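These notes are about the structure you will find just below.
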Amino acid sequence: MSSNQIALKNLVSMETLSNEEVMALIKRGIEFKNGAKANYDEQHIVANLFFEPSTRTHKAFEVAELKLGCDLLDFDVKTSSVNKGETLYDTILTMSALGVDICVIRHPEVDYYKELVESPTITTSIVNGGDGSGQHPSQSLLDLMTIYQEFGHFEGLKVAIAGDLDHSRVAKSNMQILKRLGAELYFAGPEEWRSEEFSHYGEFVTIDEVVDKVDVMMFLRVQHERHDYESIFSKENYHRLHGLTQERYDRMKDTAILMHPAPVNRDVEIADHLVEAPKSRIVEQMTNGVFVRMAIIEAVLKGREK
């Protein structure tokens, strides 16, 4: 499949993408990063509806849409009819009736998108910007793009995902696709935040068992808004037991990279001074987020043409 010929009706989960489609999106993101342009004969309208706080995902989608020449219809939850009790379904039904081509949505409800993509009335396409602790496909794709740029392949790479596993949509999206692409996965973090689901994709370990063996060390944000982690750990204890300290950083392979979906809780998941260390690709992830989201929006617009 050519990188600029992928066409998607919606993008709601990594599970709905084939390996071929994933690679096409990654390669198209790299092409956009290298200066490729997309040209459209007509204007397209994209609405960004974020029902949870977001900086990177929200603004990266906006920049991606602007770079593609789309008209943006930004949606402020605080001033919308959501405050009058309007359901998500009726909000998106309205967007569809107004002629919006794509709705990018972040919502706290897991699988919120199912009734939207199954509706015979809603014609707008749905791009999932994160559904509770469910899926985060655009973050997963930018992570994959970052790894692919570094190593040129996924087969045989050793990847450790460490931290707040159970509450992380990033972990769930990444474990599924990385396993499919041939990576060897390890999961580290507090036992309280490990569900059996992860054991189907990799091995549970301590961070000290793998930090010197893996190619990718991916830390996860502690999800303060989804649980009270300080009832189990102090910030200092969490960092000492499960975070990236200087000593652990020094043990990483010279060719290994450090990743985090951000925002980083500095001195909790990663020592403050290591966030921009030489092995860190956290800033690169943010940059790649714009270009892979350009690839996503382009692919969905192509899907609407069919």
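Heads up, the Cβ atoms here are built off N, Cα and C, so glycines get one too.
Here is what Swiss-Prot records for this protein:
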BINDING   ARG56, THR57, ARG106, HIS136, GLN139, ALA262, PRO263  carbamoyl phosphate binding site
BINDING   LYS84, ARG169, ARG221  L-aspartate binding site
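The structure, with features from Swiss-Prot marked on it.
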residue : record                           : CB count, 10 Å
ARG56   : carbamoyl phosphate binding site : 16
THR57   : carbamoyl phosphate binding site : 23
LYS84   : L-aspartate binding site         : 6
ARG106  : carbamoyl phosphate binding site : 22
HIS136  : carbamoyl phosphate binding site : 27
GLN139  : carbamoyl phosphate binding site : 26
ARG169  : L-aspartate binding site         : 23
ARG221  : L-aspartate binding site         : 19
ALA262  : carbamoyl phosphate binding site : 18
PRO263  : carbamoyl phosphate binding site : 11
I'd like to know which of the binding-site residues LYS84, ARG169, ARG221 sit within 10 A of PRO263 (carbamoyl phosphate binding site) at the Cα level.
ARG221
Binding-site residues near ALA262 (carbamoyl phosphate binding site), in sequence order, restricted to LYS84, ARG169, ARG221 and a 10 Å Cα cut-off:
ARG221
State the Cα to Cα distance, in Å, between ARG106 (carbamoyl phosphate binding site) and ARG169 (L-aspartate binding site), rounded to an integer.
12
Can you tell me the three-state DSSP label for ARG106 (carbamoyl phosphate binding site)?
strand
Could you name the residues, excluding ARG56, THR57, ARG106, HIS136, GLN139, ALA262, PRO263, of the same chain that surround the carbamoyl phosphate site, i.e. Cβ within 8 Å of the Cβ centre of those residues, in sequence order?
SER54, THR55, GLY129, GLY130, VAL170, PRO261, GLY289
For ARG169 (L-aspartate binding site), which of the binding-site residues ARG56, THR57, HIS136, GLN139 has the nearest Cα in space?
HIS136
State the Cα to Cα distance, in Å, between HIS136 (carbamoyl phosphate binding site) and ARG221 (L-aspartate binding site), rounded to an integer.
14
For LYS84 (L-aspartate binding site), name the DSSP secondary structure in the helix/strand/coil scheme.
helix
Given LYS84 (L-aspartate binding site) and THR57 (carbamoyl phosphate binding site), what distance in Å do their CA atoms have, once rounded to a whole number?
27
Where ALA262 (carbamoyl phosphate binding site) sits in the secondary structure, as DSSP reduces it to three classes:
coil
